[in-house]
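Below is one structure, written out as structure tokens; comments come after it.
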Amino acid sequence: MAPRLRRNVSMLDPQHRAHAAAADPTPGAGGGVAVRVRGLRRVFGEQVVLDGLDLTITPGEFVALLGRSGSGKSTLIRILGGFDDGVEGEVLAARRRSVVFQEARLLPWKRVLPNVTLGLAGRDVAERGRVALAEVGLAGRERSWPATLSGGEAQRVALARALVREPDLLMLDEPFGALDALTRIRMHALLQHLCRRHQPAVLFVTHDVDEAILLADRVVVLTEGRFSLDVPVAVASPRRRADPAFDRLRATLLAELGVDDLAAATH
């Protein structure tokens, strides 16, 4: 079933509203979209942060978003999440959507389970929360306080909080950026498992080219407010850094980002 799309008409300036209201939320024969952006523009003062973006993400597709700091990646996430409505253009996003940020953003005065189920209603909410925590490897930690969690555990709670809502669109804004290397590897495996199980469309923001290739079906590069590259990840699974196809794609992405292999290796 195609995900229900939210028409973010309130985000659009008057010249685009009629077009958005008439838009078909499920274009294509028998298919659908989790995200459809056309001509998206975001300006802060005199600074153009996003300049005419077009982006489509299909149900179940995992898209990694790369770009230098300040290129507009987090701004795009905020817009798709409904946190920023000062935009021009057409923005359609799945109604059921969740966001995970680099910081877990847990409420310190609530225990783990209430953090996971925050804002949900229904008699089965607590059980759904426990199931979500078990899925991320935190069964039995329902009554723990956020302050007692490691960085990796806190991000697991954030993932549980996102997935308990069964989103059609899961957005992750550098969720593993503050974690150590070993914890990141474990979180990669967990995310892959959860995505196979729940099958949301994913928009994954990262600075790590290897991480993007390891996880994504497709990689897009944002450069000065525009998409400068959009490529499929044509690397056989299980993906290995030693695979020549992995190395070629890495070189392509690093070149697009203006970083050579030597600089990346010594970073």
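From the backbone N, Cα and C atoms, a Cβ is placed for every residue, glycine too.
The model shown is predicted, which means the values in this text are computed figures rather than measured ones.
Looking only at the domain 'ABC transporter' (35-249), the predicted model's pLDDT averages out at 96. Look at Swiss-Prot and you will find 35-249 tagged as domain 'ABC transporter'.
Cβ environment of Ser69 (ATP binding site): His207 lie under 8 Å away, each six or more residues apart in the same chain. When secondary structure is read from DSSP and collapsed to three states, Ser69 (ATP binding site) falls in the coil class. The feature ATP binding site is assigned by Swiss-Prot to Gly67, Arg68, Ser69, Gly70, Ser71, Gly72, Lys73, Ser74.
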Revision key, fill the gap. binding-site residues considered: Gly67, Gly70, Gly72; fewest surrounding Cβ atoms within 10 Å belongs to Gly70
Practice item. Find, among the binding-site residues listed as Arg68, Lys73, the one whose Cβ has the highest number of other Cβ atoms within 10 Å in the structure shown. Key: Lys73
Exercise for review: Specify the count of other C-beta atoms within 10 Å of the C-beta of Ser74 (ATP binding site).
Suggested key: 19
Review point. With the ATP site defined by Gly67, Arg68, Ser69, Gly70, Ser71, Gly72, Lys73, Ser74, which remaining residues of that chain have Cβ atoms positioned within 8 Å of the Cβ centroid?
Key: Thr75, Leu222
